[in-house]
Amino acid sequence: MKLGKWSVLLLVGCTAAIDIPRKPFPPTGSGHKRLTFNETVVKPVIAPSSTAVEWISTAEDGDYVFQDSDGSLKIQSIVTNHTQTLVPADKVPDDAYSYWIHPNLSSVLWATNYTKQYRYSYFASYYIQDLQSFKLAPLASNQAGDIQYANWSPTGDAIAFVRANNVYVWTAKSTTQITTDGSADLFNGVPDWIYEEEILGDRHALWFSPDAEYLAFLRFNETGVPTFRVPYYMDNEEVAPPYPRELELRYPKVSQTNPTVEVRLLSRATGEVSSVSIKAFNATDLVIGEVAWLTETHSQVAVKAFNRVQDQQKVVTVDVLSLKTKTISERDGTDGWLDNALSITYIGQIGDSKAEYYIDISDESGWAHLWLFPVAGGRPMALTKGEWEVTAILSIDKQRQLVYYLSTQHHSTERHVYSVSWKTFTATPLVDDTVAAVWSASFSSQGGYYILSYRGPDVPYQELYAINSTKPLCTITSNAAVYDVLKQYTLPKISYFELRLPSGETLNVMQRLPVSFSPRKKYPILFTPYGGPGAQEVSKAWQSQTFKSYIASDPELEFVTWTVDNRGTGYKGRRFRGQVAKQLGRLEAQDQVWAAQQAAKLPFIDAEHIAIWGWSYGGYLTGKVIETDSGVFSLGVLTAPVSDWRFYDSMYTERYMKTLQENANGYNASAIWDVAGYKNVRGGVLIQHGTGDDNVHFQNAAALVDRLVGEGVSPDKLQVQWFTDSDHGIRYHGGSVFLYRQLAKRLYEEKHRKKSEGHQWSKRSLEF
C-alpha cells in the first residue's frame, strides 16, 4: 500500500453516525467569501479527505492495516475494536514510499528510494522488515534504487521481483534469477511503456498462482519498435547542460511495429520456465490484455487475447501441466472496438453443478454487464442486464455466492453499490439508489464488513458497515472540517441536465454558474470537454473546487462553465460510444458546437464570448471544434493536444481508428488540418504543451503550429506556450501555476474583448 496522509485512520474515536445529512446536489457554501486563484489552484482550501485501508486475512474477519498519524503501521480489529502496533514510527524507513504486509503478519516489505518512471511504474530499493526484531534486510544485496517491482506470494513464502527487466524469486533461503535475457528491448515480468500505458494499466506483468506453486509472467520484445527521443533541456538542473539529455523511448506509432508478447510459466518446484504458445492471433498482431488464474491451486490459467486493432477477442485457457491451450470464448467487435475490462475472476462451481465458472464484464448485449463464463467453454450467462452498465466489480464473496459491483442503473452520471447472487440472479442495492449520488465500497477479506464511501455530489464521507446491516458501525471519515470551511465561502452552483440531439440521443451536461449569478445579466461561458472514447467528465461525484470554481468566483471573470459529454464517451451503451470508431474528432466536435449553439440561446449567456478549453484528448477536441469554423466559439485553448493521430501510440489509436492502411481517409479527416477556423476565431487560439511530454509528444503542437503559421494565421490569432521539460501533466518548475494564470489571463481578455478589436493584420490575409 502506498503511504500518505490519506491513509490515516483511528477507529477508536470515530463517531457513531454522520451528523450532517448529505443532499443530492453539490454544496454552494453559506458564507460570503469568493474563492481566489491561490485558494483553488495554488493551495486548495476546500479539499475533502478519504481513507484507504489494506484488509488482511486473519482468524477474525474485519482486520486491516493502516498508517497512523505518527507514521507507524497498525492493525485494527473491527470485531474487538483492538489496535495493535505493527511497526513503531521510529522503525519505519525514513524514505519509505509503499509497503506490503506478509500474509501471516510476520514481516513487512518496504519500497524506499522511490524514483518515478512512467504513469504507474517506478524504481525503488526494497527491504524486508522482521516484525519481532524490526531489523531491515535488503531484498537484493547490491540494490541501488533499481528494482522495478516486488511483492509477496499469496502464501508468503516467496517474493517475486523484477530488476533490469529480469524476474527473480526470493525466499528466506536464497534468491533465484529466473530469466537472464532481460535487456533494454526485452522485458520480463514488467510491461514496456505502451503496455503499461494502454493495456495493463499497471507496473507489473507477473501473477502467482493461488497456491504460489507457479508464477505466470509476460515477456515483451521491443526489437524493431521505433524509438522516439524526448529531450530534457534542464534535466532537473538549475543551469542547463550544453547538450540536452535524451530519453530514448520505444514508442510504436500508428501502423509501426508493435512489441511482441509471450506467456511464460515458472514451476517453483522444478525451476523450469515454460513458454506457452498463444495462437489466438498472428504473433506480430497479438495483444495480451489480461492473465488470470482459473483455479484455487495452479491447474489452469486464462489469457485474454486481442488482435492488433482490438476488435477481435479470444479467451484461451492453458493447462499448466500439459501446456495445452483451448479457446473457450470469442467475440467480434468490428462494429467498434472491444474494451479490456481487466475483470476476470474465478468463482468455481455454482450450486450442484460440476461446471466451473468465471466472472467477467462484457458489453456483448450492447451494455456492459456481469457475465458468468464456463471455464470449459460454452454459452455464458448474463448475471445482470438492462440499459445501464456495470462499471466495476468491487468484491466477490464465494461463501455467500455474491458479487458486489458499481453500476449506472439509476443514471449514467451516478454510481450505486449493488450485490447480485449467482445462485438466484437477484440484485440488491446496498444504498438508496433512487437518490442521485456516487458511491463506492471496500470489502474485508472474508466479506463480512465493508467501508462504504460516499463520493458526491455533496461532501464525501465514509462509514463502516457489517454485511446485512443497514446501520453503520461507525463513521470512518466525516469531513466535518470541510463544512466549517464552507461556512466561510459562497461557491458556484453546479447543476446537471441533458441536451437532446436532433437524432434523439442525449448529452450529459454539468453546468457551473457564477457565485452571484443573476438571470438578468449576461455571462461569458467556457466549455471544458475531454470527450475521448469511453471517458466521462460529467459525474455527480464531488467536484473539486479548483480552476473552474475560481473563474466562476473571481468578480473580474465570472464565467459560466459547461462540461458536455459528447457521443463516443462512456457508460451510455456500446452504440453511443462506438459511433466515433474510424472517425475520431468528427461527431465529438459536432456535439460541442451544437451544445454551444444551445447555450448561446440562453438569455444569461453572452453569445459573443463562448470559449472552449481542453487538455490531452480535450485539447485535440478543442482543436477540431475550432477547425469547424462554426463561428459560435470565440476562443480556443489547446493544452497538450494530439493534432494528428499518426503521431500517437498504436495501441490506443488503432483501437478506435484501425490501421492507417485500412483507414487512410479517416486519419486524414481526423487530423487538425483546415485553418479557416483558426483565421476566423474572434478571440484567437492559445496552444500549450510540455517539451518533455512522453505521452502526447511535443511534436503534435510543433506540427500544428507550423501548419497554422505556414497557412497565414495572423499573429493576433495565435499564441503558443511551451513548458520546458514538462511531461503531460505540465508541472515542472512551476509550470502548473503559470499555465492556469495564463489561461485566466486569456479568459479575462476574451471577456473584455470588443467586437472591433484587432490589429490590421487580422483584417486581411497575408502573402508570403
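Including glycine, each Cβ sits where the backbone N, Cα and C put it.
Asn668 is the residue among Asn151, Asn668 that Swiss-Prot describes as N-linked glycosylation site. The shortest Cα-Cα distance between Asn668 (N-linked glycosylation site) and any of the active-site residues Ser616, Asp693, His728 is the one to Ser616. Considering only the recorded positions Asn38, Asn282, Asn468, Ser616, Asp693, the residue whose Cα is spatially closest to the Cα of His728 (active site, charge relay system) is Asp693.
Sparsest Cβ environment among the glycosylation sites Asn113, Asn282, Asn668 (other Cβ atoms counted within 10 Å): Asn282. In the shown protein chains, 23 other C-beta atoms lie within 10 A of the C-beta of Asp693 (active site, charge relay system). Of all Cβ atoms in the protein chains displayed, 7 besides its own lie within 10 Å of the Cβ of Asn468 (N-linked glycosylation site). DSSP assigns Asn221 (N-linked glycosylation site) to a strand. Cα-Cα distance from Asn38 (N-linked glycosylation site) to Ser616 (active site, charge relay system): 24 Å (rounded to the nearest whole number).
Cα of Asn468 (N-linked glycosylation site) to Cα of Asn81 (N-linked glycosylation site): a span of 20 Å. When Cβ neighbours within 10 Å are tallied across all protein chains shown, the highest count among the recorded positions Asn38, Asn81, Asn104, Ser616 belongs to Ser616.
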